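Notes follow once the structure below has been shown.
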Amino acid sequence: MSRKLELIVLAILLIFVAQFIYVSSTTDAEYGGADDKPEGVIEEITGGTYKPIAEPIWEPPSGEIESLLFALQAAIGASIIGYFLGYYRAKNNYEKKLGFKTGSKTEKQSL
Amino acid sequence: MHIMEGYLPAIWCIVWFVVSIPVVAYGVYKLNKLVKEERGILPVLAVAGAFIFVLSSLKMPSVTGSCSHPTGTGIGAIIFGPAITAVLSTIVLIYQALFLAHGGLTTLGANVFSMGIVGPIVAYLIYKTGMKAKLNFYLIVFLAATLGDWATYIVTSTELALAFPAGDILTFGGFFSSFSKFVAIFAITQVPLAIVEGAVSALLFKYIIQAKSDLLVEMKVIGEPLVRKLRGLPA
């Protein structure tokens, strides 16, 4: 199986990391969230007259807990992706070894 | 790309809900129909949804010295179309609004419109155009995911500029001067992140093709000869 695409993606990720190292070592970037920045722009445009019409119902009590919930989100997603890709990979492997197809009607028809 | 809770005037909250709700409702209808007809798509649907879940949780540093996150909607848009992707995005946005105070319930309509509707529509159109033009398959997926992600942030900037024009909204200067400020925050931050998203999406698509290509053929996402070529099988 060709690994060409993997290498290209790896190269792009390395360029991204290099970019991060360059920016973070040459500037004093704070790396705050871009989502929060419009707040300042809105204040500037409206001259500080705009008051938010609602507050979040619940906010994570600290940055640590926020990271926890973000990590949880990523972990749930990654487990689902890993589970299904792994399941079908193993299934395809065994079918090749055993020489017959298991599973649904549609799987037998194609390929 | 989340517009924070409370940061859109009520009238604009309503406008974006009115635009988004029919699309999400149509997506729910399509999703129900699809799942009834072919239960085999559930794993692929789960993977597409999980990809949005993972990518939108990754806050990545960018050239502008601030952090933002990819959207991950490209894969869903290519396989299931924009309407079903809007449903998947809505689920993720509700999670983030409720548990992380990112985005909000009042701004949900606006956030669904940018991330769940326009981004996927752009990705879908680029995919269709690219397939007609017979470009390299993974290049098409890359372009669709990258530009779909980027479109999301352009739309977010537009939504904010419409709500907060510098001066009179009907004189275009008012709109554009605000728009350029928001685009400077969002779109430029997003360029490197969108490229990374495109690359990772292309890679995931390769693995989906290896795992469940029969379903993609059946759903007419991709033709069988191309699948054989991509998997390195004899034609």
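Just so it is clear, glycine is given a Cβ too, placed from its N, Cα and C backbone atoms.
Owing to the predicted nature of the structure, the values given are computational and were not obtained by experimental measurement.
According to Swiss-Prot:
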- B:8-28: transmembrane segment (TRANSMEM)
- B:40-60: transmembrane segment (TRANSMEM)
- B:74-94: transmembrane segment (TRANSMEM)
- B:107-127: transmembrane segment (TRANSMEM)
- B:135-155: transmembrane segment (TRANSMEM)
- B:160-180: transmembrane segment (TRANSMEM)
- B:185-205: transmembrane segment (TRANSMEM)
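In this chain, the transmembrane segment (B:74-94) touches the transmembrane segment (B:135-155); three or more CB pairs sit within less than 8 A of each other, excluding pairs fewer than 6 residues apart. Of the ranges B:8-28, B:40-60, B:107-127, the one with the most Cβ pairs under 8 Å to the transmembrane segment (B:185-205) is B:40-60.
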